[in-house]
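Undergrad: Annotations per TrEMBL:
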TRANSMEM  6-22  transmembrane segment
TRANSMEM  43-62  transmembrane segment
TRANSMEM  74-96  transmembrane segment
TRANSMEM  128-150  transmembrane segment
TRANSMEM  170-189  transmembrane segment
TRANSMEM  201-219  transmembrane segment
TRANSMEM  285-306  transmembrane segment
TRANSMEM  318-338  transmembrane segment
TRANSMEM  344-369  transmembrane segment
TRANSMEM  390-406  transmembrane segment
TRANSMEM  412-429  transmembrane segment
Amino acid sequence: MELFYFVVFGALGAVVAALELSKTSKDRITTSPAFNSFKNNYLLVYSLMMAGDWLQGPYVYYLYSTYGFGKGEIGQLFIAGFGSSMLFGTIVGSLADKQGRRRACVTYCITYILSCITKHSPQYKVLMIGRVLGGIATSLLFSAFESWLVAEHNKRGFEQQWLSLTFSKAIFLGNGLVAILSGLFGNLLVDSLSLGPVAPFDAAACFLAIGMAIILSSWTENFGDPSENKDLLTQFRGAAVAIASDEKIALLGAIQSLFEGSMYTFVFLWTPALSPNDEEIPHGFIFATFMLASMLGSSLASRLMARSSPRVESYMQIVFVISSASLLLPIITNFLVAPSKVKGGSISFAGCLQLLGFCTFEACVGIFWPSIMKMRSQYIPEEARSTIMNFFRVPLNIFVCIVLYNVDAFPITVMFGMCSIFLFVASFLQRRLMAISDKPKMENWTAIKEREPEAEPLND
């Protein structure tokens, strides 16, 4: 069965290469030299930021276990990270609109570097502080950089369609190629060079420091709300009213929470799904395969977004249905394929089928990221972009904390079934968003801020 992994990886690699090399003029967007310089600068910074994130991921649980902590204590540390992202991250991320997006990006670098430094301590309290800092950093990573990019892109007068090119390339590199290289580099540091499980965190801090230096030297500051009022509660209230009074923003938030909630749950479930009887599976190689599938998705997204038809709101309905079906495979194989009772060994036939389904889901993830970024750039008001994007992450973080706390309470098939239902619901919400996407925007940000939150119900 070991040959199966190489066949899947090779096939995905060949398809990605074919897609990239076979692009025609219809699949490419004609841009200006000034935009290309701006885009490449952002992609370099974003790739460094993602390298700092990806290097840590595979070794967090392993590092905690080497310090002698059990599954329960490690679970509490993970819950603290998501809880921090929900509570403190929402506040800090929202400050980006008032205090400046460039400043928020620098804060991300500093916060995550401090989080990496705490990994040197085996003290539970110090590690808990590190998880809280990491949670804040995660909120900034998924809001401040995108907010800065959209505002700076518009400020420089570049065409709106060019933004989708930056989004798709950012996901292709940051969530695909950089993730694969980070996994290999981390493996080199820990296994080949025997530098210990804390080495990837030190390397991550170095990448983050380099990225911060580039931000400080080449990025200009931009803000969301230009008014003199710096009151955070007013900003929160205005963001809540914007979500409640514009159905398109509310739908976008619900779609994002449903998909990302399923995606993060999948992260916890794929290992036990592929090795229910403690089969020996190459975790690092499978992770790299998933990232290659994600690159395939982002490459497809770049082709789709380069054309005027189909629209993002249209093809994402199909993407959600496919992703929903792909996560049903563990349930289907559980009923149709007789489970193996032999402990250990290589991956089973059912595991091979599930791996193909999981690669399909990861390809959908690759399409999702640049597509949701483009929709956010269209529908979320510039003045409160970071605030609203962090609001979207609140239900996501609550959901992930609940899943982590009850991960052993439900059979794995129930968890996959729940994720599949969420994704199917997301496709219905996407259909509704498509139906109302041409409706004019609500009133401007100044008028929204002056209204009370409960004054405006959802539009039909």
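From the backbone N, Cα and C atoms, a Cβ is placed for every residue, glycine too.
Values in this document were obtained by computation on a predicted structure and should not be read as measured data.
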Undergrad: How about the transmembrane segment (318-338) and the transmembrane segment (6-22): do they have 3 or more C-beta pairs under 8 A, pairs 6 or more apart in sequence?
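TA: Contact between the transmembrane segment (318-338) and the transmembrane segment (6-22): absent.
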Undergrad: Ranking 6-22, 43-62, 344-369 by Cβ pairs under 8 Å to the transmembrane segment (201-219), which is first?
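TA: Going through each listed stretch, the top one turns out to be 43-62.
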Undergrad: For the transmembrane segment (390-406), name the stretch out of 43-62, 128-150, 170-189, 285-306, 412-429 with the most CB-CB pairs under 8 Å.
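TA: Checked against 43-62, 128-150, 170-189, 285-306, 412-429; highest Cβ contact count belongs to 128-150.
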Undergrad: Under an 8 Å Cβ to Cβ limit, what residues of the same chain, 6 or more beyond the ends of the transmembrane segment (412-429), are close to it?
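TA: Tertiary neighbours of the transmembrane segment (412-429) are 251, 254-255, 258-259, 261-262, 265-266, 269, 272-273, 276, 317-318, 320-321, 323-325, 327-328, 330-331, 334, 403.
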Undergrad: Check the transmembrane segment (170-189) against each of 6-22, 43-62, 128-150, 344-369 and return whichever range has the most CB pairs under 8 Å.
TA: 43-62
Undergrad: Residue list, the transmembrane segment (344-369) vs rest of chain: Cβ under 8 Å, 6 or more residues beyond ends.
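TA: Contacts of the transmembrane segment (344-369) (Cβ under 8 Å, skipping residues fewer than 6 from its ends): 1-2, 4, 8, 12, 167, 171-172, 175-176, 259, 263, 266, 270, 273-275, 277-281, 286, 289-291, 293-301, 304, 315-316, 319-320, 322-323, 326-327, 329-330, 333-334, 337.
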Undergrad: Who are the chain neighbours of the transmembrane segment (128-150) in space, where the CB to CB distance is under 8 Å and they lie at least 6 residues beyond its ends?
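TA: Distant Cβ neighbours of the transmembrane segment (128-150) are 42, 45-46, 49, 53, 77-78, 80-86, 88-90, 92-93, 96-97, 101-102, 104-105, 107-108, 111-112, 114-119, 163, 166, 219, 222, 224, 373, 376-377, 382, 385-386, 389-390, 393.
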